Structures are given as structure tokens and as C-alpha cells.
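Chemist: Annotations for this protein, taken from TrEMBL, read as follows:
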DOMAIN    23-288  domain 'NADH:quinone oxidoreductase/Mrp antiporter transmembrane'
TRANSMEM  5-21  transmembrane segment
TRANSMEM  56-76  transmembrane segment
TRANSMEM  96-115  transmembrane segment
TRANSMEM  152-171  transmembrane segment
TRANSMEM  178-196  transmembrane segment
TRANSMEM  202-219  transmembrane segment
TRANSMEM  240-261  transmembrane segment
Amino acid sequence: MNPQAKLIFTISLLLGTTITISSNHWIMAWAGLEINTLAILPMISKSHHPRAIEAATKYFLTQATASALVLFSSMTNAWYTGQWDITQLTHPTSCLILTSAIAMKLGLVPFHFWFPEVLQGSPLITGLLLSTMMKFPPITLLFMTSPSLNSTLLTCMALLSTALGGWMGLNQTQIRKILAFSSISHLGWMAIIITYNPKLTLLNFYLYALMTATVFLALNSIKASKLSTLMTTWTKTPPLSATLLLALLSLAGLPPLTGFLPKWLIIQELTKQNMAVAATTISLLSLLSL
């Protein structure tokens, strides 16, 4: 890709993210999401491989639908309340539509179908951007609207995401697909706690982004895209392979590592909210992804 073009797309990505996370008006937030989508599309399809073009098309259609739903929910809310402020999302129908739209943008179950396919068709660095940076604006919108969201719907989505993320990742040989299902599973943990303690969701997201960046950059360095290629890297780069192993275990949430911290805090918070059953279920389901 032309360096000038790459620079423009990177600046657009940063600009779109900044506009969404710093806006109070729904139209501004929507515009930021649209800029983000349009900036990442050339990055997904830059290899001109049919698989990459298919991934870009799937991504565009899903994100366009989700953005239209975000706009529809904010307009419905403005129609009933006269408010365009993001924090004043009070109408129940608008809350339900917005939750569905953001679930579609993030790739939460039952709107998860596009994410593994898109990640599989993208280069590793673009995959890293899709897994971390592109998830940040929708999570910020959830964070800002968290007091008025439907906690039952989010809990159901979260439990399904954690179950499916762990279960579907079991029989995969493609590393990018495993990381996509891992992302869906982590989003489940973030979604279950957003209405009770939104700051824990942000902590979980930051740590997830850090660990995912480690994994993707290590894989990019050793040029691995299948599990079979990871078998032979141990002889070439032992320190990097050891780091990758630890990062993957941390991503799975093994107790002494960093990835266990947000899960521990989320389980503690759910127990305080008298949701011991949900806490037990989500803990057992995440054993699958480990």
C-alpha cells in the first residue's frame, strides 16, 4: 500500500475513534463510527486476495447495518425525549435497539458471525486493529449509556458469547479464528458487568487490548497463521515463543497471570450484585476457552 494512503487511513482511524469517544451528541458519535469503518476497509482489502475482498464486504455490510441502527435508536430517543445527548438515552425501545446495534458492531452473540470470517481474511496487523481499536468506540458508547441499558439482555448475550467463544475455538487450527473466538468470549465478560460497574469493563478492555497486541505482534514477527507453524518456531526464537505462550495463557485467564485480574474482579462484583449463578456460569464457560 502507498505510504501516503496508509498515513491517511491511520489518521482517519485515530480521528474517527477520537470523535466518537469525545462526543456528547449522537450524530457526532455516529459520524466517528462511520469514519472508522471507511478507514479500516482499505486496510482489510489491501492484499487484493478474494478472501480479503470478501472479508471487507462482510465487514462493511455489518457495520453499515449497525450504524444505521445506532442512528435509528438515537432518533427514536430524540423523538420521544427531545434529547440528542448520549447520556440521556432514556426511552426503553431506543435502549434495546442501541444494545443490539452495539452488539452487532462488537461481534457479541447472536451477531457474531461476521467477526471470525473478517479476521481470517485480514492481515495480522489489521486483525489487531479490528480486535482492539475498532472495539473501543462502541464500548465507550456502552459505557456512556450504561445506567439506562437493559441488564437482562446484556447478561444473556454475555453468557452466550462466553459459551460460544470457548466452544467454537476448540476445534480451530487457524490462529486468527481462535483469537476471534477469544475476543467474543472476552466481550462476554465485558458485557455482563457494564450495567453494574462500567469501570471494570474498561479495565477488562485495556488489559485485553494489551494481551491481544502482544499475541498479534508476536505472530506477525514469526509470520505464523496456523497452529502447525507455531510448532516449529520454538527452535528459531525461544524467547518470543515463551512470551507468546505466556500471553496466550494470560488471555485465557490462568490465575497467576494478568488476564485473571479482571475476571476475578468481575466475579467479585457479580457476587455483590446477588448474581452468584451468573458468576458461576460465566466462570465455568470460560474454562472452555482456557
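Each residue, glycine too, has its Cβ placed from N, Cα and C.
Those TrEMBL annotations? Automatic predictions, nothing curated.
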Chemist: In the same chain, which residue numbers or ranges, 6 or more beyond the ends of the transmembrane segment (56-76), come under 8 angstroms Cβ to Cβ?
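Modeler: Answer is 26-27, 29-30, 33-34, 37, 40-41, 44-45, 84, 89, 91, 93-95, 97-98, 100-102, 104-105, 111, 114, 117-118, 121, 130, 141.
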Chemist: Quick test of the contact rule: Cβ under 8 Å, at least six residues beyond the ends. What residues does that give for the transmembrane segment (240-261)?
Modeler: 182, 186, 207-208, 210-212, 214-215, 218-219, 221-222, 230, 233-234, 286, 289-290
